[in-house]
Amino acid sequence: MIEARDLNVSIGGKRILSHVNFAAEPGIVTAIVGPNGSGKSTLIKTISGDLPYGGSITLNGQELARMKPAEAAMVRAVLPQSTTLSFPCTVREVVSLGIMRGYSAARDNCLPERALEKVDLAGFAGRFYQELSGGEQQRVQLARVLCQVWTPCLGQPRYLLLDEPVSSLDIKHQLIVLRIAREFAAAGGGVVAVLHDLNLTVAFAHHVVIMHQGRSVAGGTPEEVMQDALLSEVFDCQLKVGALPDGPTPFLLPQTAMV
């Protein structure tokens with residue numbers, strides 16, 4: 001389990017997170033949602049170990065602040081919002097960085113190709129990363145973090161920490177990525193994902209944490225937290241859960257692809 005208690009984070013003298021309590025259990029997908037500037041990315045960066053914090057964060061019972069980077073890399077893999085490479089690399093070289101940083105089938109020379117196939121990039125290993133589209137690059141980075149924790153449980157649960165993993169993707173690849181997250185959780189690992197699409201959140205998350213103004217204001221199953229009044233207040237616009245739009249306006253739900 002990943003557990004944060006009374007988490008406080010300041011950046012540049014400004015308080016970003018205030019007294020946040022957070023838990024992500026293995027075996028489920030935990031989604032973090034909320035408006036821009038609510039602290040979602042700061043929260044996932046903090047539980048990843050990328051930001052200094054006040055309070056307590058434990059990873060499978062170990063205090064994160066006391067873990068060496070190599071120890072943390074064995075247990076969790078992090079997909080940031082964006083990654084810039086300033087030197088030319090092939091896709092395979094980028095994905096292979098995950099094997100170097102974490103112990104996961106390290107003797108499997110075909111692991112990068114297997115990870116690329118999983119994210120629908122079979123045949124891309126020899127291409128240059130800089131020549132890919134933004135969405136393709138995002139999936140290459142996901143393949144990298146999958147290599148790092150390829151086995152979801154090695155004596156203890158391992159975790160995928162995903163910051164907006166579908167932000168640059170078309171709907172087909174959004175569904176592929178979130179199915180990967182569900183499969184990882186079903187195999188005993190844990191997933192924490194920052195998401196903006198509330199429909200995708202309802203479709204794939206087991207547990208939802210709602211952030212607002214640097215605080216965790218709600219947590220529970222999608223059915224428990226997706227309530228009209230709460231969402232309207234947090235997102236500062238009138239929202240109705242499950243209400244059809246007026247008139248003949250067409251709309252799509254990702255759930256139709258899951259039948």
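Cβ atoms here come from the backbone N, Cα and C positions, even for glycine.
The domain 'ABC transporter' feature in Swiss-Prot is assigned to 2-238.
The ATP binding site annotation in Swiss-Prot covers GLY34, PRO35, ASN36, GLY37, SER38, GLY39, LYS40, SER41 and rests on sequence analysis. Within the same chain, no residue at least 6 positions away from ASN36 (ATP binding site) has a Cβ under 8 Å from its Cβ.
Under the three-state DSSP scheme, SER38 (ATP binding site) falls in the coil class. When the binding-site residues PRO35, GLY37 are compared by the number of other C-beta atoms lying within 10 angstroms of their own C-beta, GLY37 comes out lowest.
Within the set of binding-site residues (GLY34, GLY39, SER41), the lowest number of other Cβ atoms found within 10 Å of a Cβ is recorded at SER41.
For LYS40 (ATP binding site), applying a Cβ distance below 8 Å and a minimum sequence separation of six or more within one chain yields ILE32, VAL33, GLY34, ASP163, VAL194, MET211.
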